2 protein chains.
Amino acid sequence: MNTKDRALQQLKEKGYKKTKQRERIIEIFAAYDQYVPAKKILKEMQEEFPSVSFDTVYRNLYLLSEEKVLEATELEGEKHFRLSCGTNHHHHHFICTDCGKTKLIEFCPMEGLKEDLRGYEVENHKFEIYGKCPQCG
Amino acid sequence: MNTKDRALQQLKEKGYKKTKQRERIIEIFAAYDQYVPAKKILKEMQEEFPSVSFDTVYRNLYLLSEEKVLEATELEGEKHFRLSCGTNHHHHHFICTDCGKTKLIEFCPMEGLKEDLRGYEVENHKFEIYGKCPQCG
DNA sequence: TTATTAAATAAGAATGATTACGATTTAGAT
DNA sequence: ATCTAAATCGTAATCATTCTTATTTAATAA
């Protein structure tokens, strides 16, 4: 089963409907192995559905993020999304500031910080590395 | 010499002028030991200078960041600023999502990643921990 | 002290991403 | 084929931020 079908199946189980728009959004992401800004998805959607609304695109991006089909991050003030990495365990990314491609970072800095943060209730954390990948550097 | 005077002195050396607005911005930050959203600074400025413009506030926030008087970060899509921590060496923060107060994290996760990132040119990184501090938790 | 001028500010328009919302359409169940 | 909740469309609204131009001001030198 491919990424798209798996995602749609997952949505169906939660009672969400299968729509052309949703299918297309997932297809678009499947063509990228990187974070893509919401507005770029909107643009590509408009090529296929000239009258698609912002609302549809944004709503689905957030839905797909909640369902863990996508991962989200904020880069330069814009929300970006990408297909969840195949890996099932927690991870981070190096993000190329030129081409946008990412490299998986398996190491999580939270591991060694339990001691330091005694008394603090950790809810979340963000660790991202930015720079040029070997192709762009 | 206090924080404000030190900052103004530093600006003067670079040829920037001392203005009431700049003085006040620094004073506002000195009253907080935490990240403050730009719009909150704008609001406090308007109490003292009813006709201050967005431009003045934003321009100065960026100037002060470049001059390392302030540190900047983006939280929930909004730019936040705080006085630079006293410490001169590179550091990170735990940020309380309730009160906004921060805890200095001396550990930097980049140290152990040189190996992993061979061939990659690292330009920047972001590591922040979010949660509740002991007072708010 | 006054004149000079480059820097800084005010005022408000413009931008750009995102969110909101009422009306309409559609997917999926019966 | 009918029904209904979910999804979408179309568009307006919001909100932070950036830009622009005219005016004011701080610092310098006469």
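Count begins at 1; order follows the chain as displayed.
Heads up, the Cβ atoms here are built off N, Cα and C, so glycines get one too.
What you are looking at is a predicted structure, and each value in this text was computed from that prediction instead of being measured.
As recorded in TrEMBL, the features of this protein are as follows:
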| type | residues | note |
| --- | --- | --- |
| BINDING | A:His90, A:Glu111, A:His125 | Fe cation binding site |
| BINDING | A:Cys96, A:Cys99, A:Cys133, A:Cys136 | Zn(2+) binding site |
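Mapped onto this structure are the features recorded in TrEMBL.
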residue: A:His90; record: Fe cation binding site; DSSP class: coil
residue: A:Cys96; record: Zn(2+) binding site; DSSP class: strand
residue: A:Glu111; record: Fe cation binding site; DSSP class: helix
residue: A:His125; record: Fe cation binding site; DSSP class: strand
residue: A:Cys133; record: Zn(2+) binding site; DSSP class: coil
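Residues A:His92, A:Cys108, A:Pro109, A:Met110, A:Phe127 surround the recorded Fe cation site, their Cβ atoms falling within 8 Å of the Cβ centroid of A:His90, A:Glu111, A:His125, which are themselves excluded. Annotation for A:Cys96 (Zn(2+) binding site): same-chain Cβ neighbours under 8 Å, separated by at least 6 residues, are A:Gln34, A:Thr102, A:Gly131, A:Lys132, A:Cys133, A:Gln135, A:Cys136. Listed binding-site residues (A:His90, A:His125, A:Cys133) with a CB under 8 Å from any chain B CB: A:His125, A:Cys133. Calculated from their C-alpha atoms, the gap between A:Glu111 (Fe cation binding site) and A:Cys99 (Zn(2+) binding site) amounts to 30 Å. Excluding the listed site residues A:Cys96, A:Cys99, A:Cys133, A:Cys136, the same chain places A:Thr97, A:Asp98, A:Gly100, A:Lys101, A:Lys132, A:Pro134, A:Gln135, A:Gly137 with Cβ atoms within 8 Å of the centre of the Zn(2+) site Cβ atoms. Counting every protein chain shown, 12 other Cβ atoms lie within 10 Å of the Cβ of A:Cys99 (Zn(2+) binding site). Neighbour list (A:His90 (Fe cation binding site), Cβ cut-off 8 Å, at least 6 residues apart, same chain): A:Cys108. When the neighbouring Cβ atoms lying within 10 Å are counted for each of the binding-site residues (A:Cys133, A:Cys136), the highest count belongs to A:Cys133. Between the CA atoms of A:His125 (Fe cation binding site) and A:Cys99 (Zn(2+) binding site) there is a gap of 25 Å, rounded to the nearest whole number. Most Cβ neighbours within 10 Å, among the binding-site residues A:Glu111, A:His125: A:His125 holds that distinction in the structure as shown.
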